[in-house]
């Protein structure tokens, strides 16, 4: 029989606030490039990359009317611009055109900007892009073109591109070859588009060695096939996924973070998670699971599991931790189970024997 103090400790867990993971980048990405850390956002090694603020200007006299130009940064945001301004200094490395009324990118809009490193076009009205609009941008690494009216992935993206953020557009199809030649690309954010599983042509991601991919807030009913095998992070939250079948995750053995929260998942087939040996963080909150997914004790590096707001009615003593000692290499530092119909007084304290601290468990029926 468990000592009384252990039972009291378990009951205290039901009063704790919901677990908030520290040190991980939040799934909801910032709209602008100035709010995020490049290493976290793209996984890229930016050592040796040109820092726009550390370079002395060579042609600082050129600055479009109404814009602010400092060093090699040209900021033309929130000016009501209808088109890309002229007279941009050819040594510019960062061009900020967000929050304007630009509707089209023309052939010569970026002519001469061969040193441009980052281009920000967030929150415009862009619906048309000339096939050669990006041709002069031979050193472009970051393209932020979210919150526009695009119906397709822009053609002929620069081969130097590392990070593409194109969420909140009207894209319904990702054709084969659209990312051809983008060997440096390691981060794509394309959530908030009306993409269905049928919208991904076979081979759409061929040749890409992505580290990070987010297709959230779309219309997916299952995990897409043929995504890059190199992925470390895959975020598919806020979709309509109903189940995870045995081979859905077969290709993604390098994942260390998987986001599947806010879907309609009722079933995770036994053995599905065994293909993810390096997984460290798993988000399955706000789904329709009736039990804790099988296979969690076998994931030796798993540290964070979000299972709150499901239909889980029972938690078994071996649902999270392996039997025996020294089997699990990394102890849990976060398990959220709140807002489930679990009778927490029936859960044995030994269920959480491989958790670092009792405060790492969020239990009971807490509602924010």
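The backbone N, Cα and C atoms fix where each Cβ goes, glycine too.
Note that TrEMBL annotation is computational and uncurated.
Feature list (source: TrEMBL):
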DISULFID  63-69  disulfide bond
DISULFID  67-76  disulfide bond
DISULFID  321-354  disulfide bond
DOMAIN    62-94  domain 'LRRNT'
SIGNAL    1-16  signal peptide
Practice item. Over the domain 'LRRNT' (62-94), work out the mean pLDDT and round it to an integer. Key: 94
Check your understanding: Including all protein chains displayed, how many Cβ atoms other than that of residue 67 (disulfide bond) lie within 10 Å of its Cβ?
Key -> 18
Point to revise | CB contacts for residue 354 (disulfide bond) [other CB atoms within 10 A, all chains] | key: 18
Revision key, fill the gap. Most isolated by CB count within 10 A, of the disulfide-bonded residues 63, 76, is 63
Exercise for review: Quick one: give me the count of other CB atoms within 10 A of the CB of residue 69 (disulfide bond).
Suggested key: 19
Check your understanding: How far is it from residue 69 (disulfide bond) to residue 321 (disulfide bond), counting Cα to Cα, in Å?
Key -> 56
**Study point:** For the domain 'LRRNT' (62-94), the number of residues DSSP places in helix, strand and coil
**Key:** 0 helix, 7 strand, 26 coil
Practice item. Based on Cα distances to residue 321 (disulfide bond), point out the closest of the disulfide-bonded residues 63, 67, 76. Key: 76
Exercise for review: Give the distance between the Cα atoms of residue 354 (disulfide bond) and residue 76 (disulfide bond), rounded to the nearest whole Å.
Suggested key: 53
